[in-house]
Every structure is written in C-alpha cells, then in structure tokens.
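Participant: Take a look at what Swiss-Prot says about it:
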| type | residues | note |
| --- | --- | --- |
| TRANSMEM | 15-35 | transmembrane segment |
| DOMAIN | 30-158 | domain 'EamA 1' |
| TRANSMEM | 47-67 | transmembrane segment |
| TRANSMEM | 73-93 | transmembrane segment |
| TRANSMEM | 108-128 | transmembrane segment |
| TRANSMEM | 139-159 | transmembrane segment |
| TRANSMEM | 178-198 | transmembrane segment |
| TRANSMEM | 210-230 | transmembrane segment |
| DOMAIN | 216-317 | domain 'EamA 2' |
| TRANSMEM | 243-263 | transmembrane segment |
| TRANSMEM | 276-296 | transmembrane segment |
| TRANSMEM | 299-319 | transmembrane segment |
Amino acid sequence: MREETVSWKYFKRDVVPFTAMIAIECTTVGSSILYKAATLRGFSFYVFVFYAYVGATLVLLLLSLIFGRSRSLPTAKSSLFFKIFLLALLGLTSRVAGCKGIEYSSPTLSSAISNLTPAFTFILAIFFRMEQVMLRSSATQAKIIGTIVSISGALVIVLYKGPKLLVAASFTSFESSWIIGGLLLGLQFLLLSVWFILQTHIMEIYPEEIAVVFCYNLCATLISGTVCLLVEKDLNSWQLKPGFSLASVIYSGLFDTSLGSVIHTWGLHVKGPVYISLFKPLSIAIAVAMAAIFLGDTLHLGSVIGSVILSFGFYTVIWGKAREDSTKTVSDSEQSLLLPSHDREED
C-alpha cells in the first residue's frame, strides 16, 4: 500500500508535469503549422486571430462555470480589469506580430526565436528595476552572458541561411521574407516578455488562473473583433471553409489558446518557471520535423548553428536564474535559523 502511494506521488509530481510540458510544446508548434498551411491558402491572419480568441473564450467560459470558484470576476471599472485589458492588448499585438512573422518565414524560425523570451525578460526586469544587477555574482554573470549569446544565436538564424541540409518536397511556391519574419517574431517575444511580467503582477493580486485567462481572452476577442471589422471589410474573408482554415481555428482556440494557457499556468504553480522553460528548445526539433513533413520546409545550416547557439544561451540564462533562486532560498533559511537564537540571547 505504501509503495503504491509513493508511486502515485512520483507519477503525479514528475511524470504528469513532464508529459504535459512536452504536449504543450507539440501543441504550440502544431498550431503554428496549421496556421501557416491556412495562410498559404489565402486565409486572413486577422480573421484567424479573432476566431481563435472567440473559440478560446467559449472554452474558458465553460471551464470557469465547471471549475470556477465563488470569487467574483473583476468589474469593468476596477483597476484589475484595466490591467487585464492591457494584458489582452499586449497579448493581441504579440500574437498579430507572431502570425505575420510566421507568414513571412516559418514555424521553425518562430520556435527558435521563442527561446529569446528569458533573455528579453531579464533585460526588461533590469529596465523596470525588478532585477538587481550584481556584476560579481556568478548568477548575474551567467544571465548577462546567456542573454548576449541568445541574441547572437537569433541573429545568426535570421541573417545567415547557409547551405541546405534537408530538402523536403515543397507543397507551395511561396517565397519567404526571412529577415522581416525574424524581426516580427523578435517583436512578438519581446512583447510576450512584457506580457509575462504584467501577468505575474496580476496573479499576485488575483490568483485565479481560469478567471484571469477567461477575462484576458474575452478582452482580446473584443479588441481583435473591432480591428478585424476595420481591416477586413470583405465579408467573404470571414467565412470558415472546411480545410486548414477551419482546422487551424478550432485547434488554436481549443488546445493552444485556452487549454494550453491553463495547463501552462498550472505547470508554473506545480514545478515553477525554471522547469517550464527547460522544454522550450525542444520545440525547435519538433518544428523542424513537422514543418518538413507537413509544409515541405527546407532546413538550412544557419538555422541549425543559430539554434544551437541560442539554446546554449537560453540554458545559461536559466542556470543563472536557478542559481539566483537557490542562493536566495539558502539565505532566507539561514536568516530564519539565526532569528530564534538571537531572540533567545535577548531573553
């Protein structure tokens, strides 16, 4: 009985989060692949973003009714609702930049550039004075070096293609604009880093994962719907035809935007941000395989070299963050041990 209890705890603590994080990376890449396939057939990315948010909002509404707690949602006049609205505006802008970036380049480039997120977050944390820069600290040195290496790797991917390593059967004559796509994807993950900082602040004052994600998607739906009405005046572009267009919207709304966000937030609570981040470079390999199979993308030497450099910088930043967190934990525990003895001396 005791062995079964230990096995169940191990399964729940380690196996479930591990499997969930791999599934999330596959889901994210799969959404990018389907979206790319849909846009190659003329599907408007504004319409895609709007319908994806609509689908996510409906799914999260159902989840909030089933699993939601009795705590009331923030009112439209509250400062919390304004922050969630700002979060939606940031998320929507980031997503539009990302969709356009994938349209100009490829899902593989998107997966590679996504590894810049920790470096961007570190830079923004310094800018907003949320991060203390101690140049003599090994943790700070690792984060600085990792940030520089990550950005260098991203530049290699964007600016240098090199010879072809894997030539797949191309299903389209679409000519990509690699540099423009790389810049847009860089903007996407820069905005996403700001999004993470604001989301962390919101979760501290309102720790309701499903409610926050639901309100976020609802606001994003309203904003994207307004933008879509202004940009896409041809009503025919709003039609969801059977095929990649419909599949990309359903897949993104059901799995990526809604359930993916909830599982990602759950993973942050269960295992922490460092553990979640360790799986990001895995998306590069997944994207290379899926893009070659389903889109006929060609793999270049520059993408491989840049991805290796970027992944090294990524893990260096993560190591520095983990080192900093462990140092803080040891320091706090030492202080908690010293305080009682100090009190006894005064008595």
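Placement of Cβ uses the backbone N, Cα and C atoms for every residue, glycine included.
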Participant: Helix, strand, coil residue numbers for the domain 'EamA 2' (216-317) per DSSP?
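Facilitator: For that range the per-state counts are 83 helix, 2 strand, 17 coil.
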Participant: Can you tell me which parts of the same chain pack against the transmembrane segment (276-296), counting only residues 6+ beyond its ends and a CB-CB cutoff under 8 A?
Facilitator: 21-22, 24-26, 28-30, 32-33, 36-37, 40, 106-108, 110-112, 114-115, 117-118, 166, 168-172, 264, 267-268, 303, 307, 310-311, 314-315, 318
Participant: Grab the pLDDT values for the domain 'EamA 1' (30-158) and give me their mean, rounded.
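Facilitator: It averages 84.
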Participant: Where DSSP helix means H, G or I and strand means E or B, what are the helix, strand and coil counts for the domain 'EamA 1' (30-158)?
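Facilitator: Looking at the domain 'EamA 1' (30-158) with DSSP, the answer is 101 helix, 0 strand, 28 coil.
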Participant: Restricting to the same chain and to residues at least six past its boundaries, which positions have a Cβ under 8 Å from a Cβ of the transmembrane segment (243-263)?
Facilitator: 20, 23-24, 27-28, 30-31, 34-35, 37-38, 41, 43, 48, 51-60, 63, 209-210, 213, 217
